[in-house]
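Undergrad: Residues or ranges marked as Mg(2+) binding site by TrEMBL: A:7, A:34, A:150, A:152, A:250, A:251. Residues annotated as active site in TrEMBL: A:109. Residues or ranges marked as active site, proton donor/acceptor by TrEMBL: A:150. Positions annotated as site 'Transition state stabilizer' by TrEMBL: A:152. What TrEMBL records for A:221 is site 'Important for catalytic activity'. If you look up TrEMBL, you'll see A:251 marked as active site, proton acceptor. Sequence annotations record features per position, and here TrEMBL assigns site 'Interaction with DNA substrate' to A:251.
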DNA sequence: ATGGCGTACACCGTACGA
C-alpha cells in the first residue's frame, strides 16, 4: 500500500500536475494541502474519472486539505474535534487496505507560524497541542494510523540545507521541534527516518533565489505512522520530479510504501 | 539588511507562504 502527501500550493493551478503525477504514481492515497479553493470548486469529477475518490475541506484563498483514495473514504472527519478554527487544515478518513484492513489517514496542513514570537507562531504551537490531544485519542481507535502532511517543521538540522542560517528561526525553532517530538512520543514514527536516506533530502525549496537548483531546501513534509503501521513500512522517499516541471509547487510529494500483512 | 517568487483577491497593490 502506498500513501503519499503533497502540498500543491493551489489545486486550481496544480490539477494537471496532480493528474500527471497520479498517472505515473498510482498510489492508494494522496493527501493534498493548500488547495486554496472553496468546497464547491473542488474538482472531484475529474479526479473520479482518474480513478480516485476524494474527501476535502476547502477554503477560499488559503489552506484547504484533501484525501484522494482508490477506495471510498469512510468516517470522514473535518478539523480537529473540539478545536474552533476557521482555517481548514485537517481532514481524516478511514480507507480499506489491499488486505481489507482499515487504515486511518489524516491529511494535515500545520500552520506556518510566520515568525518566531508572532501571533501566528503562538497559534501554530497551540494548534500542535490540539492536534496532539486529538491524536492521543485517535491512536487508540485506529492502530493503523498515518498522519501525512506539511508539518511546517524541519525536525533536525539534517533536514535543513543551511542549519546555521536557519538556527532558531521559524520552522526550526526549539518549541516547534518539541511540538513535533511530542507527536512522535504518542507512538508515531517518522517513516522517512526508518531508512538510510540520501543526505540533504528535502521536500520544500524556496521559489526565490533558485532554491531548487541549489538544493537549498527543508524537509518539512512528513509521513508519520503508528508503531504497528510503521513496522510494515518498506520505503519512504521524496519525489523531486514534479518540482522540476513547469510552474511547480514549491513542495515535492513524499511517498511511503507499506507491506500488507 | 532586504528581497528575491508564486498565488489569490482584486487593486493596479497587499497578504501570505516557508
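Cβ coordinates come from backbone N, Cα and C, glycine included.
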Undergrad: Can you tell which of A:150, A:221, A:250 has the least company, meaning the fewest other C-beta atoms within 10 angstroms of its C-beta, among these recorded positions?
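TA: Result for the recorded positions A:150, A:221, A:250: minimum number of other Cβ atoms within 10 Å at A:250.
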Undergrad: Using the alpha carbons only, what distance in Å do you get between residue A:34 (Mg(2+) binding site) and the residue listed as 'active site' once rounded?
TA: 7
Undergrad: Give me the count of other Cβ atoms within 10 A of the Cβ belonging to residue A:34 (Mg(2+) binding site).
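TA: There are 23 such Cβ atoms around residue A:34 (Mg(2+) binding site).
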Undergrad: An 8 Å radius from the center of the A:7, A:34, A:150, A:152, A:250, A:251 Cβ atoms defines the neighbourhood of the Mg(2+) site; name the other residues of that chain inside it, in order.
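TA: These residues sit around the Mg(2+) site: A:9, A:33, A:109, A:204, A:220, A:221, A:249.
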Undergrad: Please work out the number of neighbouring Cβ atoms within 10 Å of the Cβ of residue A:7 (Mg(2+) binding site), leaving out its own Cβ.
TA: 25
Undergrad: What's the CA to CA span in angstrom from residue A:251 (Mg(2+) binding site) over to the residue listed as 'active site'?
TA: 12
Undergrad: Return only the integer: C-alpha distance in Å from residue A:7 (Mg(2+) binding site) to residue A:221 (site 'Important for catalytic activity').
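TA: Counting only the Cα atoms, the answer is 8 Å.
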Undergrad: If one looks at the chain holding residue A:152 (Mg(2+) binding site), which residues at least 6 apart in sequence have a CB under 8 angstroms from its CB?
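TA: Non-local contacts for residue A:152 (Mg(2+) binding site): A:110, A:111, A:112, A:113, A:124, A:171, A:176, A:220.
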Undergrad: Rank aside, I only need the closest one: which of the recorded positions A:109, A:150, A:250 has its C-alpha nearest to that of residue A:221 (site 'Important for catalytic activity')?
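TA: Spatially nearest to residue A:221 (site 'Important for catalytic activity') by Cα position is A:150.
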Undergrad: Which residues, sitting 6 or more apart from residue A:109 (active site) on the same chain, put a CB under 8 Å from its CB?
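TA: Residue A:109 (active site) has long-range Cβ partners A:7, A:33, A:34, A:63, A:64, A:65, A:88, A:89, A:90, A:149, A:150.
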